[in-house]
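Some notes on the structure that comes next.
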Amino acid sequence: MKNIRNFCIIAHIDHGKSTLADRLLQETKTISDRELKEQTLDDMDLERERGITIKSHAIQMQYNHEGTDYTLNLIDTPGHVDFSYEVSRSIAACEGALLIVDATQGIEAQTISNLYLALEHDLEIIPVLNKMDLPSASPEEVSDQIIELIGCEQEDIIPASGKTGMGVQDVLAAIIKKIPAPKGDPEAPLQALIFDSVFNSFRGIIAYIRIKNGTLKKGQKVKFVNTGRTYDADEIGVLGLGMKETKEIGCGNVGYIISGIKEAKEVKVGDTVTLVENPCSAAIKGFEDVKPMVFAGIYPVDTDEYEELRFCLEKLQLNDASLTFEPESSAALGFGFRCGFLGMLHMEIIQERLEREHNMTVITTVPNVSYIATMNDGEVRTVNNPSEMPSPNKLDFIEEPYIKAQIITKSEFTGSVMNLCIDKRGELTNQVYLTSDRVELSFEMPLSEIVFDFYDKLKSISRGYASFDYYPIGYKKSDLIKMDMLLNGDQVDALSALIHRDRAFELGKKICTKLRELIPRQQFEIAIQASIGAKIIARETVKALRKDVTAKCYGGDISRKRKLLEKQKEGKKRMRQVGRVEIPQEAFLTVLKLD
Ligand code: GDP
Ligand code: MG
């Protein structure tokens, strides 16, 4: 046990965590040069395409340092603010963290927030100054920032490059020297923390565990403390590039367990595994449940696939405990689920994973944050859905969630960042100069104003030189109303949105215009209206189609005609018939795409 080191890699997005992980895997010969790809640990298709880490990835390395063999368990983590929950779970399985800072960028918002997460769990921090190969690196300035931030010495900071391999041996030496070996009693009753899990269609559920006390042997009868259920440890092992079966997993180590579990709800991330004979006296303190920030409806395009969708969401939840869902129904879309997400990127990722990993075609509705309504009779309700908005005569007041936003940018962009935040109903609460030309601005803002397109806007006004982090600070009263959309006089519930009253007219008009562009012309005229209660606040019209599009291909050109029909069919895939009107998927998300 004294030769085990458990550590994670944390940093702001794109500072080079996954690339440095590649170099460590290479240096320790965990993967051969042939197996090595860029960002090897990002093994989900989605991660490779987008070039970002979405899930934490654990891998075990063997390394001989000054004549002694060490087992190093590395966990690579995502950097995007939507996935900080993944980071906090990884941290719970480690004693140390490599804090990577891009020497060309300096400290950014998630550098700070992830560092704080690591410090809360008493992890030993090893600062690494990465991308030293780049001519634009400014090591002195960024080292100063790091020293200021974590209070370390200049010589604690390791200059490195994930590209050239510079500093990689120093990083390995620091891991061995500075990160404490895991504590724990190998003779005590088994106590292992489930820090992640995945569903495998052949093997059932695979739980990733960190052993805090005791030893786990293949074939032992185990019990999951919180659910109270018992299983056989059919297969156990450690995580190399794939799973490597072993006879036992020792105290302090990280590994996996497969016990024939098929039901997603039986495995709770954060649960404790112990032995049926000689169980531990208490569960390990698990993880706080995360609270979703954004809610939206997810509906199967094919209404027959409702049960299938439930099954897929359960499997995804297993691999992503931050996803929540409960059944809901819509007059327009039928049966589906109200899902809770940590942010918009998370929502997009879930939708894509449903499609790629589970072959589901789904429609996602207008997202909103979670509001609290207090009724005239004193009753307090949560409103996660426009349809749950109480009628105005019963409502006393409504509150919306606020966040504290921390924005780090170059000082030349201070003015534009402030304008953006004020436009988003933000209030400046603090302004600190980190260096002569870098400033940290703090705002209190409504969550609803930042979850949708705030980050994109921030990046564009600062030409990429702004990073952003936020955390919830409670609720404030708000003048919120429900805006409905009508198509030919029929209200389409899935297009309703909860918005601030001051925005209603402007938004109503924009949404009508956008819908007019998105809804294809059909055999009849379509009136698009926005209303608040009975009052119509905006209107647009989609003119009727004059003739069938295929009529143009008169006579002989059959193949062209067929192509055109196929193209139409293609376009229909994500259409929904609402009353007589066909609505494309994009229409349900229009509210997000207004400028
Ligand atoms: P992560 O988001 O922190 O995991 O960052 P990645 O490892 O995915 O790297 C982000 C980008 O920076 C990729 O395009 C890498 O090729 C690049 N990169 C990472 N490390 C270095 C480095 O040391 N030098 C240079 N020049 N580029 C790097
Ligand atoms: Mg990464």
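Residue numbering: from 1, along the chain as shown.
The backbone N, Cα and C atoms fix where each Cβ goes, and this holds for glycine too.
M132 (GTP binding site): 21 other CB atoms within 10 A of its CB, across all protein chains. The annotation GTP binding site is assigned in TrEMBL to D14, H15, G16, K17, S18, T19, N130, K131, M132, D133.
What TrEMBL lists as domain 'Tr-type G' is 2-183.
Among the residues the record lists as binding GTP, namely D14, H15, G16, K17, S18, T19, N130, K131, M132, D133, the two farthest apart have Cα atoms separated by 17 Å. Look at G16 (GTP binding site): DSSP puts it in coil. There are 16 other CB atoms within 10 A of the CB of D14 (GTP binding site), with all protein chains counted. A 10 Å cutoff on Cβ-Cβ distances gives G16 (GTP binding site) a total of 24 other Cβ atoms nearby, all chains included. Taking a C-beta cut-off of under 8 angstroms and a sequence separation of 6 or more, S18 (GTP binding site) has the following same-chain neighbours: Q39, T40, L41, D42, T53, D76.
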